[in-house]
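As given in TrEMBL:
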BINDING   A:S64, A:N114, A:E158, A:N165, A:Y189, A:Y241, A:V259  substrate binding site
DOMAIN    A:335-411  domain 'STAS'
DOMAIN    A:463-565  domain 'Cyclic nucleotide-binding'
Number of protein chains: 2
Amino acid sequence: MESPVLSYLRKVHAELAELRDGTPYSVGPSSADLNPADFGIALATVDGHVYEVGTTRKQFSLQSISKPLSYGFAIAELGMDAVDAHVDVEPSGDPFNEISSNPETGRPANAMINAGAIAVASLIKGSGGRTPIQRIEHTYSEFAARRLRSDGREYRAERARSDRNHGLAYLLSAAGVVEGDPTRALETYLRQCAVQVDCRDLAMIAATLASGGTNPVTGTEVLPYEAVERVLSVMMTSGMYDDAGDWATSVGLPAKSGVGGGIIAVLPGQVGLAVYSPPLDKHGNSVRGAAACRRISSDLQMHFVRSARQGRSAIRSIRTIDQEPSNIRRTEAAADVLQEQSERALVLELAGDLFFAGTETVVRELTSRAPEIDVVVIDVRDVDEVGDAGIRMINAVFQDFRENGREILLVDPDDVLGGVDTRGITVFDSRDRAIAECEHRLLERYGGPEAMPRAVPVVDSPVLAPLDRADAEALASHMNPRHYDDGDVIRRVGQRFGGVFFILSGTISIVASHTDGTRFRLRTLGAGMTFGELALGEDDRQETTAKAEGPVEVMVLTADEIEALEERDPALAVQLWRALSRDAYMRVDRLSRANAARIRD
Amino acid sequence: MESPVLSYLRKVHAELAELRDGTPYSVGPSSADLNPADFGIALATVDGHVYEVGTTRKQFSLQSISKPLSYGFAIAELGMDAVDAHVDVEPSGDPFNEISSNPETGRPANAMINAGAIAVASLIKGSGGRTPIQRIEHTYSEFAARRLRSDGREYRAERARSDRNHGLAYLLSAAGVVEGDPTRALETYLRQCAVQVDCRDLAMIAATLASGGTNPVTGTEVLPYEAVERVLSVMMTSGMYDDAGDWATSVGLPAKSGVGGGIIAVLPGQVGLAVYSPPLDKHGNSVRGAAACRRISSDLQMHFVRSARQGRSAIRSIRTIDQEPSNIRRTEAAADVLQEQSERALVLELAGDLFFAGTETVVRELTSRAPEIDVVVIDVRDVDEVGDAGIRMINAVFQDFRENGREILLVDPDDVLGGVDTRGITVFDSRDRAIAECEHRLLERYGGPEAMPRAVPVVDSPVLAPLDRADAEALASHMNPRHYDDGDVIRRVGQRFGGVFFILSGTISIVASHTDGTRFRLRTLGAGMTFGELALGEDDRQETTAKAEGPVEVMVLTADEIEALEERDPALAVQLWRALSRDAYMRVDRLSRANAARIRD
């Protein structure tokens, strides 16, 4: 099917093609080739996809659309202050070719009028064997992700009738605003106006501005973000000839038009829009171009007020530790401690952006709850973007927590909080491990020795709880003790069922593989828990690998012993299997609830 | 701990308190009470939280900050076109009391200068027994969530020296811009300027504008969104006396100052900022107020270019159906069909906003994959906001899918896609049910009768697969057949273990409760599956309720029969328990993988 975006643009194109007002600008040899019916719309996303309708591949002169590009280039080259010393940022309210300059400073009102653009052109110097215009062409090409060139014949035609601009250049030179030879500055300016583009190029240029200065296709950083911010600000108030207020109000997008018939409009962070249609209104804006921007901004809700990021809390969920227990089975004493102290440990899941508004809610929550908190797990894996203000606010909270002995456990495998000071903060790659550690620290603070068992005798294993003592001891008598060292693989994926392993002491990691072969920790087991039995689930094969983390003591009821037991003492075997089933059922119930909870969150 | 937001504002406050420039405006009786050292900063979030530092509870006159509020009120009352007929939206570049009007139409340049504000005041009529100023006071009070009143003495003092504004009102009347008695219009205007507020009120007013016209504390819709959009647009280009371009460029926030010493600045969707400090610069803006806005906008990255919503894909995950199977156990034939045809069914999980950019990626993905798709599950539960453009684009795709026989299953219990045309689209309250239905439809299209079993004899139940035929038949001989009708509760939460139920045909829902008592569907079971056994997991009690969905046939191996079997034929009992354990282990493995996958997503 055709993309609805394309269908939509086609519809807008068909409707606005009916507009017959306006007159094309006819200077230069290519004006013979100008067709008032030509009309193209191109929309480029910040991931580089371009939608095109109509005349989007016909070349024309960039003209004044060059002004914001060179302005940004000059800022990138010389810095904001140096450029500001030559050009102001005030809307002029005057037509583009007016000599609008500050009576006190002589600075042109802004870089979107000719006087300002000529001043800007004078600031761009040759370098590395390249002339100013060659460097400008190079930068424009980076914007468009395609080699763009200035057309000599167009340039000469414009130059032949640029008396007014010549005069302007000399006046600006007299005022100290144009640097160096005013004729050179003017020539550079006129050549940049004669750079040939098509409508698709313009969309890509606009998308580069939309993505903060980085071309979405090539990934080249054409302009630094600060320069783009400035360029778009000035485009918002002064980009459209002579109706800046109306444009900012009704379209609400930074835009720039050129008498070549092009217009670009930029929705920061989202979209670059370009229109080409030669007939111009009395201000010098493309009639269909302005109409298309107006229409599309309204339909797609691109106005700066509407498209502002919403101040949504970055907190996806906030739970006390009892509401999100780890996969580690605890003794009854430990479970009681965790239950009683559950308010003292929080698990926060953050999502979305940590700019001011999103972070403010997180920080508000943490500061207001701080007095009750000992440990907090903060899972930031679903955070998209982090702003400077967010980093500063988080730093302040982290510092306060550190100073007051509150512990922070961060789940941040991708270093989303790269800019945050994480001294003294443990960073985990999985939420489960962080939660397990969180419980551990709570138990260290509040649990007695019975809550932190060093070793669990096999007869006290919760799995065997349904058996009476004699049966449990009878079973234990069929088991063999084994010792493993840190890193030992005890069961490997693919091995046949080798029996049921009862952990007496130490920690076991259960590692599984994704379908793509990458491995991940499925769960962590401790004293009193069992492993190995799940191999019975599927073809009697281990689906996972069990690995010792530090020294581990286990008792194994081997597959052979179980088989022998089923022969010799089927009643005891029934007890064993019934206990194992019960244990598995508890796990199924807990897991399916956890799953349901996550799906519903 | 103190909020880092407050600490930050305190720091800014301390630094800018050092600014000693400027002179307070001294008209009216309260000017005797003016203290140049007074300085307050208040910041209100769109959820109604207010941070305050310094002099935030001292009353002063609203003055020109009334202009955008009355402008919005007039638009809400009369509509945009009626107001536009009297006032333009162009930045004037002139001081606030200039007679800046369009030479052709006589309309004042904008509603932020006195001429425009007097014209706007003339448009607000009395109604329902209330005078214009009473209605204005009422609206301002709704903005501030507190009763605000105009001060008569302040009003009279201003009026006594308003010759210039009087002249202005008559000139505007002559030009047909002011409606009715020009003196009345002027009086309304002067009274609205004399409304008394404190800095905290201003922050709340700004936050109401930031939240699109709805007061964040009371929830009252003070202005419609369209009026707010217009008000903020004009504030952006014309809100600050005489340096609009610099403000839009360096602060990048819609703002309005008043000679009373107040300034409001609005970050749409996020924050309302207010500053109070009486000393004014030569333009009439509060010196510390403007500096504070500049500083805070920069530090908190509030500039309109930076704060624009990022064009992030709304697709959180996209999987083929084999990568996200339902909880329904399928026959081998069915599993094969689902595996072979898996590319024909997609599960899309959306998150974030469905404005243009977010939706565009979704629509691009669906349209490009459309030819290969028969069924698609779209889970929109984590979608935050949906814009008109998003709705239109989704409608277009849904319509195309409908017309081409592609099925859409929507997971949308909260009606997030309320604006979307969902004719012919099944809406589910849980993803699991939608996925189950998706598999079902794929099986209907591509599976033979063996893939869609109507009934599974108990001896063919996958749970009993490890047993040889004779053992399975022996077990079956101990079972009793039962029939249930739609809605029958078969097992209820809290009941003792009643045996293992083998589903021969029909569908069972397993319903669990959250800790708060609300119930939710945990899973759906079909022919060949078992239930009831999980009661063994915890104290031999049902943790869930099993309910028939439509007619259901089961065979029950009761608890008593099992106990008898353990006595009489322990070898067969071992077979049973071993099979049940194996089944449970498979489920544990699958569930913990699903959990791990969700946690990692």
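Each Cβ is built from the backbone N, Cα and C atoms, and glycine gets one as well.
What TrEMBL annotates, mapped onto the structure for a quick look.
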residue : record                 : CB count, 10 Å
A:S64   : substrate binding site : 24
A:N114  : substrate binding site : 25
A:E158  : substrate binding site : 20
A:N165  : substrate binding site : 21
A:Y189  : substrate binding site : 30
A:V259  : substrate binding site : 22
What does DSSP call A:V259 (substrate binding site) in the simple three-state scheme?
coil
Secondary structure at A:N114 (substrate binding site), reduced by DSSP to three states:
helix
Find the average pLDDT over the domain 'Cyclic nucleotide-binding' (A:463-565) in the predicted model and report it.
85
